[in-house]
Amino acid sequence: MAEFIRAQIFGTTFEITSRYSDLQPVGMGAFGLVCSARDQLTNQNVAVKKIMKPFSTPVLAKRTYRELKLLKHLRHENVISLSDIFISPLEDIYFVTELLGTDLHRLLTSRPLEKQFIQYFLYQIMRGLKYVHSAGVVHRDLKPSNILVNENCDLKICDFGLARIQDPQMTGYVSTRYYRAPEIMLTWQKYDVEVDIWSAGCIFAEMLEGKPLFPGKDHVNQFSIITELLGTPPDDVINTIASENTLRFVKSLPKRERQPLKNKFKNADPSAIDLLERMLVFDPKKRITATEALSHDYLAPYHDPTDEPVAEEKFDWSFNDADLPVDTWKIMMYSEILDYHNVDASAQQIEEQFNGQ
């Protein structure tokens, strides 16, 4: 049985195994608190994320289970990787991952980025997305604060499964809205991996200009700002809108022509403008893919087709439509944690573990 130690961080009890020391707060998110710590086993600095009240509701339990499954499955240089996971005696869940030091949001607010950094960061984002999309996974909430960077400019995408659009907690997130694809924002249709390409395009534009491209005050204002730059969506896209209210709103907007992006990004390379134009397209099916983007001239300095891997197998989403009670999610989560630690246990043993707590 692991020995646990307690510390108070931001008024919250952090209860971790004695393997970790020197806890320092890094940040508070919507669903968890993140601290840096020293892993005494590897002598490396790590990030420890406490998931707040993971078993308080079936929705939160399912969200936590989804994030755990994704972290276990996704293994790529440009995706955050799991190095440990445990449930504390107080029944909080802790994910331990690499510590990268900063994120793209902090970098963008501190200084303008030089061309070679923009290219290298975008290359790594698209390299990570190629892998993630090949696994049948859509991030759904890609934004600068979800893109971690270290002092060597190594980049990793994080917070997978954290923001399902159906989660009511996410609807008010201004930072999320800036990067959200039109088909999600206006609930046009079932969305797919293309939403991440739109978000990456918004991030690319922000790296080029140093400020958010579409800083909408709300969804209506957001869509209006998008059409000011990209013009009115084509009729074949408008006709896919299922919601009558949304359709009425879009048709009520004044007709606008798409503006040449070179007029807005006057200092950007023509190849950067060309790639950005291929990413910010209303019709999801006409957006460039991550694989295609990696072959684009703008990313040529870093492109290596022999070192841009895809997932060995698709992620298993079979649990995603399940409507289960908290205790069942808890047992499933405990089973996943035991599997991660290569511990064999029967379903009965797992159930007895929880009934005994």
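Glycine too: its Cβ is placed from the backbone N, Cα and C atoms.
For 20-299, the entry in Swiss-Prot reads domain 'Protein kinase'.
Sequence annotations record features per position, and here Swiss-Prot assigns ATP binding site to V26, G27, M28, G29, A30, F31, G32, L33, V34, K49. DSSP assigns V34 (ATP binding site) to a strand. The 10 Å shell around the Cβ of V34 (ATP binding site) contains 18 further Cβ atoms across the protein chains shown.
D141 (active site, proton acceptor) is surrounded by 25 other CB atoms, counting those within 10 A of its CB over all protein chains shown. Look at Swiss-Prot and you will find D141 tagged as active site, proton acceptor.
Sequence annotations record features per position, and here Swiss-Prot assigns phosphotyrosine to Y173 based on similarity to another entry.
Secondary structure at V26 (ATP binding site), taken from DSSP and collapsed to helix, strand or coil, is strand. Across the fold, the C-alpha of G32 (ATP binding site) and the C-alpha of D141 (active site, proton acceptor) stand 16 Å from each other. Rounded to a whole value, the Cα-Cα separation of D141 (active site, proton acceptor) and M28 (ATP binding site) is 17 Å. Shown are the binding-site residues V26, M28; of these, the residue with the fewest other Cβ atoms within 10 Å is M28.
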